[in-house]
Amino acid sequence: MLRGPRRIMLGGPERLVKVSVAPVAALAVALLSSLSRCSLLEPEDRAVSALSPYFGTKTRYEDANPGLLPDPEAPRRDPELLEDTCTPVQLVALIRHGTRYPTAKQIRKLRQLHGLLQARRPGDGRAGPAGGRDLGAALADWPLGYADWMDGQLVEKGRQDMRQLALRLASLFPALFSVENYGRLQLVTSSKHRCVDSGAAFLQGLWQYYHPGLPPPDVADMECGPPRINDKLMRFFDHCEKFLTEVEKNATALHHVEAFKTGPEMQNILKKVAATLQVPVNNLNADLIQVAFFTCSFDLAIKGVKSPWCDVFDIDDAKVLEYLNDLKQYWKRGYGYTINSRSSCTLFQDIFQHLDKAIEQKQRSQPISSPVILQFGHAETLLPLLSLMGYFKDKEPLTAYNYKEQLHRKFRSGHIVPYASNLIFVLYHCKNAKTPKEEFRVQMLLNEKVLPLAHSQETASLYEDLKDHYKDILQNCHTSEECQLPKVAVLVSSVFRNSVGPGTVALEES
């Protein structure tokens, strides 16, 4: 199983990427400081558990998949999974990175809010309803626990997310994740450290599956090849000029998000939070309110603690803040603009190329060269792809003005792409098929649950039927054409870049 020591070469010989190691001392200080003032989350603590379903892309995987809570390493076999005469021959999984730290941008906003609380006048810290200090004063003394160097890096909980996912998938599909197949695993990752590190943690989980009780070696010493960086595949949005110009760098593309921030629902929360924290309402804005809400989610996901930031909000507030996050995802990654999903065609086609190759090898009685393909990316990788396939599409678009009408919407990012979310394609070879067409079937799983086909609601499909349904995407969606700007737009974009300079700030990633 082991080779001699070697360096992990990601993205070719000219580019070496090492799995990142966080500064242990700084991390220990931050965690100990926070934990000394935090109470560990108890199951009966309804204040936190009640808010958990509304954290959007900052949702813990187990909150979107509560069946895992009793034993997160035990597989949960969906009864709809094919069995008996159908044998899985290939698995292609797209996996979002595990739990991560806030980004530097989020940490700066939190520091700004914390500064506002600390700058309150001495008389502002008057007694709260129960006779104790008010919430604003408590939060002013609450340690931030986050430093700029953390900047979106994978945390230990995120590594655990990946190790446990590896154990469950290997137990669910033991023939595919066999020791014999280990050397043929194919791993692809985004260049972001949280994705590279997620791939490494997944491999450590597989080692634990093969060798229970033995500590895993360094990823560089494992038999299977190291993760290969491919941003054109896993960060396709960064390589699509039309998306970058019309959505990412377009100040008006997210006008519904900005309108909702100044709408009645958010303004009510703004006034309420200002009163609760005893700060002037003019000193607050929707972005600061949102970062306070996300800090509640980060403390819960990263540290497993009940943070007083959670006490700032109730469930009604949480629903509004979830909608704000979903609006952004909808208009930037989902159905808001056609280019959002069409930019993912390359990734979709890549999946079917793997499946095609496996079928061709099986028909020739050859071993499957890549029985398991694992691709580590982002929420921004998965959401456009699911939109391209027609999933979670509401009858009416999400807007700044139909919050109440969308309370029961399908498009809820926290239910679709929490931390460690995964979209899995399983190719089966079925014996006793009456025709060659019936020999190969496909099932899809989202977060380890069978995902009914968007067009038929069936839980499995003949492979050829699935290809036929998506033939327009497979045959007619060419990234070079989809992402090409009209000549007039190219000219305007060039003039704009020359006038404002290269320092365009990208919107926050999940």
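Glycine too: its Cβ is placed from the backbone N, Cα and C atoms.
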Response to the item:
Among the candidates Cys345, Cys430, Cys477, the one bonded to Cys86 through a disulphide according to TrEMBL is Cys430
Response to the item:
For Cys86 (disulfide bond), the nonlocal same-chain Cβ neighbours (under 8 Å, six or more residues apart) come out as Tyr428, His429, Cys430, Lys431, Arg441
Worksheet item: Within 10 angstroms of the C-beta of Cys430 (disulfide bond), what count of other C-beta atoms is obtained when all protein chains are considered?
Response: 16
